[in-house]
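Structure, as structure tokens:
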Amino acid sequence: MNLGKIVQVIGNVVDVEFGEGKLPPLLTALFVSNPGLNDQEDNLVLEVAQHLGDNVVRTIGMDLTDGLVRGMPVKDTGNPIMMPVGAAVLGRVINVVGRTVDGLGPVNTDTYMPIHRTAPAFTEQDTSVKVLETGVKVIDLLVPFPRGGKMGMFGGAGVGKTVVMMEMIHNIAMQHGGISVFAGVGERTREGNDLYHEMKDSGVLPRAGLVYGQMTEPPGARARVALSALTVAEYFRDVEGQDVLLFVDNIFRFTQAGAEVSALLGRMPSAVGYQPTLGTDLGELQERITSTTKGSITSVQCVYVPADDLTDPAPATTFAHLDGTVVLSRQIAELGIYPAVDPLDSTSRILDPNVLGEDHYYTAREVQQILQKYKDLQDIIAILGMDELSDEDKLTVARARKIQRFLSQPFHVAETFTGVAGKYVKVEDTVRGFKEICEGKHDDIPEQAFFMAGGIEEVLEKAKQMSAA
């Protein structure tokens, strides 16, 4: 075994000296026993980041380095960080180096994969565009997800990003038998804990793997945890031929951790203090998230926008990789309409008649036109009231309010809070329902019947009950 010894510790950066001609390559994982963490052997993983000369390598710690002293022996593993993969990972919470943090013992598997891999070659990639049905009406109608695509989810605190995410994990697991991988990158520990328990209670956990690198972790772990989670997803795609959903919350923290690591390694910062390799770092991660001829990874990434500045280098670089954006709006949440997706701000690359078909495309555009008209009329309504509108505008407003309410939907994962059974709505039923509203077939039905309903049949049933009462 190739052994080295620690020669310098500066915070999270550890320099290790090896024998002549024995230097481990860049990105190799090294093991060291740190008594400051616990009394287990090889409990700290270091990743080689630079070769300094004089047989010394500079490494970044994947955990706290308090307790390390000069002269400690370091083992060269000969590999990058190796992640446990396969069915044994499902239902478990693991950290950046593949060790469990849920207190249920180690992952029981013999299959491991390195976290640093090249993106699939052009010849292996699947270029056909297919739609991934989520069962969430507003997303399937207005922001269709491309299979193997990347969607960004933008929203402030408390508008329901996590609930929408969990519903998608539930629907993919229940309807498609699909697998989900969740990467908590720079997450609040409390949120990660809540998500684990909510998924456990709603029965989704056995079809999902959770990989966490929380805010308390050093930057090395936060800069690598997204790659660790992606490796778990890649195994299901490449070896088992599955369609996998990869959730990353939050992709900004990945960039932020990269900037911290870059500063620790003494690299010259670029604009706004970010790392000079910002585009490369993000590109290496995003290019691995794709469809191949074997299976697909569809990714939903929460994007934090610093100071609401979309021109900040971190979100601006992320935008270049996304196929669409789901914008969650506080104004819509205030109306009590959940999921609080903004139908006019959200966009998808595949909202196109050649992909979705004429019927779906024109229904989606008609819905957006009616909602936009209603938005334009709201100032007049606020000042003069509904009575001053023309008959045509009154009809538009009535339909828009019905559409707005029909875009709400009871979720399976929220059943415990709402007491209303969750609904999965197929794309064709969604399109048919909205088309009928736009055509005026349901102008006589009260708008309250459309609120928190599944398909249009349920609306008609509700309306019957309301008229009978």
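Each Cβ is built from the backbone N, Cα and C atoms, and glycine gets one as well.
According to Swiss-Prot, the ATP binding site annotation covers GLY155, GLY156, ALA157, GLY158, VAL159, GLY160, LYS161, THR162.
Taken residue by residue with DSSP, LYS161 (ATP binding site) is part of a helix. Fewest Cβ neighbours within 10 Å among the binding-site residues GLY156, GLY160: that distinction goes to GLY156. For the binding-site residues GLY155, GLY158, the largest tally of other C-beta atoms within 10 A is found at GLY155. Spatially close to VAL159 (ATP binding site) yet at least six residues away along the chain are LEU328, SER329, ARG330, ALA333, ALA340, judged by Cβ distances under 8 angstroms. Cβ proximity to the ATP site centre (mean Cβ of GLY155, GLY156, ALA157, GLY158, VAL159, GLY160, LYS161, THR162, cutoff 8 Å) flags the following additional same-chain residues: LEU328, ALA333, ALA340. Long-range Cβ contacts of LYS161 (ATP binding site) within its own chain (separation 6+, distance under 8 Å): MET153, GLY155, ASP249, CYS302, LEU328.
On its own chain, THR162 (ATP binding site) has GLU191, ASP194, LEU195, GLU198, ASP249 as residues at least 6 apart in sequence with a Cβ closer than 8 Å to its own Cβ.
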